[in-house]
Amino acid sequence: MTSLELTDRSQLTSDNQHLEMAVASEGQLEFMNVTDNTSTILPQEFEDLTAIAFDPVRQIMFLSNSNHTNNSVSIFRLDVGGSHELTRLVHRKGSVIPGLAYDSVSSILYWTDGSFVFWMNTTHPNGSGEILFRFHYNEEPWGITVDSCHGFLFWTNHNHRNATIERSRLDGSNHEVLVREDVFQPVGIVVDQQTDKLIWCDNSEGIYYKIKRSNLDGSYVETILEGKHHSPVSITVGPKFIYWSDWTENTVWSIPKNDKDGSPVPKKLQFYKNNSPRGIAAWWDKKDFNANQCYVEKEVTYPSTEYQNDASTTQTEIASQQELRPDSKEQFCLNEGVFVEKAGIKSCRCAPGYTGIRCDLFACHNYCVRGSCYIDEKENPSCRCLPGHRGERCELDVCDGYCLHGGRCTVQSRGGAACECEGGYKGRRCEDRWDVEQLCELFCFHGQNYVPVEGLLTPMCSKYKKSGHYQIVNENITANELSGAIKTCSGKSLDWWDICLVVACVVLLAIITILVKLNWHYRKRPRIKKRIIVNKNVTPLTSRPAQPGEQCEITIENCCNMNVCETPCFEPQLRSTKSLSKSDEKKNLLGNMEDEASCLPDQDGLY
């Protein structure tokens, strides 16, 4: 296919009647004429175009662009059939917008980002859009399309663990799952307004892919094409063909929309050498698209941007001026709403808890993000949050920003948050810091530890003998070694060996004290000794064998130190009534022993 760079934008207008398809790639937008095998490149610099939506009524196109430098996404409007002006409608934080869809009747633009479905009125753009659906962790909205004739919004759930094809009304009501069986990872999706069919592409498990089709209610699912080695990204449908872009081959393919043989063969339309094709949109001429055939044009439905806070009723204007038949006025307002017509303006007065043009929107619809909704006493929607969530709409996690200083947050059984603090911090939210003395005391209490400091194992709790303090090394890790200054903290917890040693010393000291006192007490008793010299011709005091020599020496101890057999035969004088001192008693006893020599045996008795 021959590619030409567009230098004069008026050329695009003259070629509109020949254009069949637009393809967005990583940095360019290309308009293709499949019949003539030519293409035109828009001379506009983009970083990464991802999705395209086309309005055949007004001949305008919407483009999504990702800026990976500042992590932002933008949506542009390109006037293809008129001034060719490029206007930015949306600019917000995000990584990618994989799907775009436009409702020509209400001028509402819808898009996905993998977690949400957004919407925005293009006649009054606000720069960021509003959230229509917020999905759970196991849902990834990807491709999206609009059925303007019947007023439905369709999208694919890209998560292969819970892949589905889903739809809702254009205002977000009546959300339902259409297809759940035999889908693995659906991506692009499109509505064929000519045949009222829903068409999508599915990246099946392994190397396979499928192009499928069903009725708008999800019934009668059929496989149009099943092949290998393709990775479809986006899909679109024209008056005669189905087109899709492929990441694996970097190619745009097509098959006939109604193949009589039942086994269509994909046709390669365009190969991209330096980039990959992303979004794709078929070109519809105004005469090929008759919007007047769509019955929903009689009544335009807009999504609700906020929930009403009135205590009683809510009045919403009908956006269409289409005349209602008299017999349908009573049935027009739903959910007990009352039909009102003033000065030619038709509206519904809704019952508490309901909003919308026909009172068809329940105030609790999609209100609570992680919880159940109910209407409170003031007739406003309120939420009962699931465990682990908080906020007016349960949109916040209880752990968001709860734990400070790197603490790890966990959700308790009752739904509250609890913190596991990192080293050095304490408190309910890890808001307090341990001081050095507390850390040392706590650490040294559990025993000794060693760390490498300058290649040597150094104890972290080495005790000083004199001061009774401990050392602990700072946790400055450099080249797999710990180094740094040494801090000193009190070793308030004694070791068990120290306690045993102290107790043993106390007991030993007590025993020594008792023994010393007993010894001092008994040493106070006198031990009296008397030495007697026995000469010849003198009667000895005791009867013992004669000793050689002329005299012998006999030692007689105090009677207090003798037993009964050793006690002399003399009797000491009776004690006087007056008590004597111990020294006087000793003298008296010795005197009596000398005076009573008559009771001693003769000399023969001594030998």
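Just so you know, glycine gets a Cβ as well, placed from its N, Cα and C.
Annotations in TrEMBL come from automatic prediction, not curation.
Given the structure is predicted, the values throughout are model-derived calculations rather than measurements.
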| query | Pick from C385, C394, C409: which cysteine does TrEMBL list as forming a disulfide with C399? | reply | C409
| Pick from C403, C430: which cysteine does TrEMBL list as forming a disulfide with C421? | C430
| Cβ-Cβ under 8 Å with the repeat 'LDL-receptor class B' (151-195): same-chain residues at least 6 beyond its ends | 98-99, 101, 103, 106, 108, 110, 112, 114, 117, 132-133, 135, 138-145, 201-205, 214, 216-218, 221, 232-237, 239, 244, 257, 280, 289, 296, 301-304, 356, 360-362, 365-366
| request: Using Cβ-Cβ distances, find the residues under 8 Å from C421 (disulfide bond) that belong to the same chain and are at least 6 apart in sequence, listing them in sequence order. | output: C403, H405, G407, G427, C430
| task | Using a 10 angstroms cut-off on Cβ to Cβ distances, just flag whichever of C399, C430 is the loneliest among these disulfide-bonded residues. | result | C399
| field | Per-state residue totals over the repeat 'LDL-receptor class B' (151-195) - DSSP helix, strand, coil | value | 0 helix, 23 strand, 22 coil
| Near C409 (disulfide bond), how many other Cβ atoms are within 10 Å of its Cβ? | 18
